[in-house]
């Protein structure tokens, strides 16, 4: 049985064209139903690729919305093949010289393109698999089990180095730290709770030590404070009373509940966001003053921030206090930490170098106080 | 469209198309004509081969070979609803190859990340007008959502289990399950609280005296035990030294065999049998929570006669004054597996009712039995205690029914031995009560002998012959 491939009806062509951007047609282009893609760049011949695009992109739509209105498989085959035949027909008609120049000029495909076949533009025959660089970070359920990490070497998602001096180093497993200290167990909301420190151990991913704490039915990792040992009981409370609480080291309270002048760490600047400041080894901030609903904390860099008093902090200094006194001793130890050598090129230092004596920056406020003028 | 033999194909080019909705029955040769007649009347020869669920068409046309990929297969899957389910499992869809179809841009750069599909807004009361009836995209109309395709017959190779809420055994109240890989945080203290048990360190004195009685010892006991250790540690392999799992099991079996040689003078040994890999299940309530112990723990000595009770009724009554140790702030249910799908009231000793050896005599635990879980000594002892309790409880439920009994007429006694190949832990458990709901009342008793070393070391030293090693 002979099967006739009908020409595309006009209405079909319009529908097809609607999906592909218009291109100015060169004069010698005589084929009617030809659609071109951007890759053409106004090229002469309808690329086979364009039909492939047609069918690829809109394969299903072609099937759905051809003018015939049938969802018959075979009709669709017919239609698709007709597009291709037309394209191929014009392909053979084109001048080889023009083709090759266009291929040279406009083909941007990489080495995957088979260049042996002459009269067509190259194309990608394989589907690039997604980079699986950050899949290990995409786990949703919390776990205390250490997670295997993939080192990036300072490279970003494009593969180029974005941060120099990172690479190599001992293999590390990531222990998922729960920075939101005031995380209630499901079912026991809004009650201050206590947790027991099970163990305090070294974390290869940060300078501070981490502690495994267990409370209720769950266990989690937190940043350990200076004098934390296994067996301690630490308290977490979000309640702000009228009187300031006499806080023990390692406990976590809201800023409004602490007396002025306490050393704090693991500060969160927005309530329930999770601690983002003062987490490094041996650091501590100072609660300077509390003023109507907000509290002002001095960070280790002497910068002052104003945050809501419901933000949580833990009391005390972060563990591993002698971290800054550590002597590296040799270049190899730095390489074990994953620090690559900096460029040895001597460069004249500019205005950025040298000691600067300047006033402290202004206090940064993370609180949207209603302005007096808005009354 | 019936296949026909097409005309001559004078050019050797193949064009590959993937077109959806085609089936293998479409294999064959097709020929086509174009209008107006062109220089080429290509003949199309189509073969269909299945390739991982995709249908490939080979078409002979022109001079170029083109490989076309399409979203067809994915679209088919989408239409079938499988793709949607795949993308619900975030990791699965991410790990599949995502085709990069944009050809208007540079193709060597990384493909842009997949955009999230537009969110579908449901407005109650308004009917969505979709282009489903029109069978083609109409700008302005909504995208139709078709129901997921369900197979109308049951295929055991393609079965998707329902979500947890729709399972027939789903219950609102959770149950905490202890299995053989559970490693409880607080160790023996937590196991004591869960089983409402009083701990007495050291084995019962009459058992110790039985062990020291020379009538109960085998002739040449020391030498035979040393031979058993040497066999397990040195001789049982063609490699340099056997691995820990292997030698601990060999040692245990050797020692059991040595004990069994006393059968001539102690006929009761003949009324026992060993069983391995039996499944235990027991249920009990503790406070508001339901607990279950389930699993295959290890080796079991079953006997025809029950073990006699270790402590008398007076001591049993005295345990009512003992206060269970709590470990605030840690909850006693920590590290237990919390399940919502469970069968209530499962109590099974692992054997059928007419088994000739119904009573559990001794359990033997090996530390290296399960390669996936490494238990620390404290957790290992807790594991031993829980499974001994489970055996005793299952047996008590079989004898006295599942209703909680405040005090059992004759307490159920079970023993346990655990080892890692060198260090042994001995445990004798006496179940006095099955009423475990409250913290007061009569408690069960356990005698625990921890960390008994059988030998100090068994080192494999290289043999250095004089005058041969320079």
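Cβ coordinates are placed from backbone N, Cα and C, and glycine is handled just like the others.
Keep in mind that TrEMBL annotations are predicted by a computer and have not been checked by a curator.
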Checklist outcome for this item: Candidate ranges A:17-40, A:41-64; TrEMBL annotation region 'Disordered' resolves to A:17-40
Checklist entry - Which stretch does TrEMBL mark as region 'Disordered', out of A:148-167, A:168-187, A:188-207, A:208-227? => result A:148-167
Checklist entry - By DSSP, how many residues in the domain 'Large ribosomal subunit protein uL2 RNA-binding' (A:154-236) are helix, how many strand, and how many coil? => result 0 helix, 35 strand, 48 coil
Item to check | Averaged pLDDT, computed only over the residues in the domain 'Large ribosomal subunit protein uL2 C-terminal' (A:247-364) | outcome: 94
